[in-house]
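Engineer: Here it is: the structure, laid out below.
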Ligand code: GAR
């Protein structure tokens, strides 16, 4: 049976677009896209692809807990096998994260465990890093701290600004995230004993590294 996927967004949804474009229909189906902002452009991308959308505005709930409970009720009515955070800019409560333990993925714009939190590109530049990148991980209670699945390094080049670096990191995100989604949807990727496992074997401590993603998509399906 196809993996039922729900994607949560807050903004542009360029990662959502990559997920839509690269989902292997033999294994999965995006059954719903949820945004906490009514003006998120990603909602239009979903609608264009014929995917059902819903808006849950966090501002109308009295607390973070109340919002997350409402989301859980809404999401569970779609029986999701996999929840994908794609630029969903809300901190989730432990109750939410634990409810979806092992079926909740996030993408973060850094080579975790470096640069958790915000402004990752500028912080990597300020630190004089030679490389930066993006990471897909399972979500746990620790912010940006769950078991790593896969990451793509992106070289920092002379003259890079936060904006130029962010643009290149996003290009790699658009390859990385569909890969992780398809691994999960096809049953190859699972969280076992709090470790991300691919084909039953734990990936390394920083996850699988996909090199040269900007220029080379070969190997995506058989890494
Ligand atoms: C992505 O670059 C993603 O890495 C980042 O938000 C952006 C969303 O872009 N996520 C975080 O910073 C989460 N901490 P998109 O809406 O175009 O996919």
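Using the three backbone atoms N, Cα and C, a Cβ is placed for every residue, glycine included.
Unlike curated entries, TrEMBL annotations are predicted automatically.
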Engineer: From 45, 64, 123, grab the residue that TrEMBL records in the same (6R)-10-formyltetrahydrofolate site as 89, 90, 91, 92, 106.
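Structural biologist: When TrEMBL describes the (6R)-10-formyltetrahydrofolate site, the candidate it includes is 64.
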Engineer: Hey, of 64, 90, 91, 106, 108, 144, which of those recorded positions are within 10 Å of residue 13 (N(1)-(5-phospho-beta-D-ribosyl)glycinamide binding site), Cα to Cα?
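Structural biologist: Checking each Cα against residue 13 (N(1)-(5-phospho-beta-D-ribosyl)glycinamide binding site), there are no hits.
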Engineer: Same-chain residues six or more away whose CB lies under 8 A from the CB of residue 92 ((6R)-10-formyltetrahydrofolate binding site)?
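Structural biologist: Residues satisfying the criterion: 68, 139.
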Engineer: State the three-class DSSP label for residue 14 (N(1)-(5-phospho-beta-D-ribosyl)glycinamide binding site), counting H, G and I as helix, E and B as strand, and everything else as coil.
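Structural biologist: Once the DSSP labels are grouped into three classes, residue 14 (N(1)-(5-phospho-beta-D-ribosyl)glycinamide binding site) ends up as helix.
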Engineer: Report the residues of the chain - excluding 13, 14, 15 - with C-beta within 8 Å of the mean position of the site's C-beta atoms, for the recorded N(1)-(5-phospho-beta-D-ribosyl)glycinamide site, in sequence order.
Structural biologist: 9, 11, 12, 16, 17, 18, 19, 42, 45, 86, 87, 174
Engineer: Could you work out which of the binding-site residues (14, 15, 106) has its C-beta surrounded by the smallest number of other C-beta atoms within 10 A?
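Structural biologist: Each of the binding-site residues 14, 15, 106 was scored by Cβ atoms within 10 Å; lowest is 14.
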